[in-house]
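**Q** Okay, so TrEMBL annotates it like this:
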- 6-165: domain 'Glycosyltransferase 2-like' (DOMAIN)
- 232-255: transmembrane segment (TRANSMEM)
- 267-288: transmembrane segment (TRANSMEM)
Amino acid sequence: MKLVVQIPCLNEEETLPSVLEGIPTEIPGIDEIVILVVDDGCSDGTVEVARAHEVTEFVHHTRNQGLGRSFHDGVVRALEMGADIVVNTDGDNQYPQDRITDLVQPILRGEADIVIADRQVHLVEHFSQLKKQLQRVGSAVVNRAAGTRLPDAASGFRAYSRESLILLNTVTRFSYCMETIIQAGNKNLKIASIPVVTNAKTRESRLFRSTPEHVAKSAAAIIRSFIMYKPYVIFAWLTAVFGVLGLVPFVRYAVLWLGDREDGHLQSLLLGSLLMIVAVLCIMLGVISDLIRTNRVLIEDNLEHTKRLRFGSSPEERLAMQGLAPLTYERLESGRR
């Protein structure tokens, strides 16, 4: 059983040593532990620090690509390395690395496909009350979209099984955290959570410059994922809202017309017609979005098949895949003859 600990980094030379020193060297049930550093366009000595701590596996970006892309590229490299479990942590040392041992246990026992560390946001001292409340609201919305009951959906300290990573696909550059939960929930993957206590704050977040920016980007990621998997819910609600709002001016128009009022008829009719047109457009968009969702499911099935051909799902499959390409070539040649 091979574990790859993935660390996305952006100029983390000061905190990375603490992260690397805290990662367990032995875990019951794990035969091999490999550290993978994702250099997301670092301009300091992060890579040199990692090499000084005997890290040999890297993914390099020539410029900053964002956390979502770093996660994606790190996962691809980890799967290429034959990882059975991938743990994602951060280079700023906010997470207790010694809890990696506990994080992988539900996967080793076959009880979960993904395990997420619950930071117990209410205990994090450097979080303002506003940020704590926003974290709760964000988790509630994600749980609603994914059909899960996770206390901390925004936590980036996670363990993924190989099977879950073959099924999941990230598309956002901002952050993969909420997107992968919504995908996992809709793909019926088992998600578990364990409580952890975070370390003291070492620096300001580099994901966003302000709380409003963070809220806007997170909301956009959630809405995009929600529309990808449940477009009929979004557009059904929009249709209902605009439909009801459109009926109000029509009722007003009917009342005025029956009362032989000469003024106010046209404005109500125009406003009601406009709102009803929007409601009809929402119905049409809902139908189109649902058709696109069906097409996405078919594409994801093909992508899953491609990943299994490329990476395999088990050590036995990976060994079998090594002879697949020559065998296919031989069949093509024999067919030509």
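Placement of Cβ uses the backbone N, Cα and C atoms for every residue, glycine included.
What you see is a predicted model, and the numbers here were worked out from it, not measured in a lab.
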**Q** Other than its close neighbours in sequence, what residues sit by the transmembrane segment (267-288), given a CB gap under 8 Å and a spacing of at least six beyond its ends?
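**A** Tertiary neighbours of the transmembrane segment (267-288) are 231-232, 234-236, 238-239, 242-243, 245-250, 252-253, 256.
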**Q** Give the mean pLDDT for the domain 'Glycosyltransferase 2-like' (6-165) on the 0 to 100 scale.
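**A** Mean pLDDT for the domain 'Glycosyltransferase 2-like' (6-165): 92.
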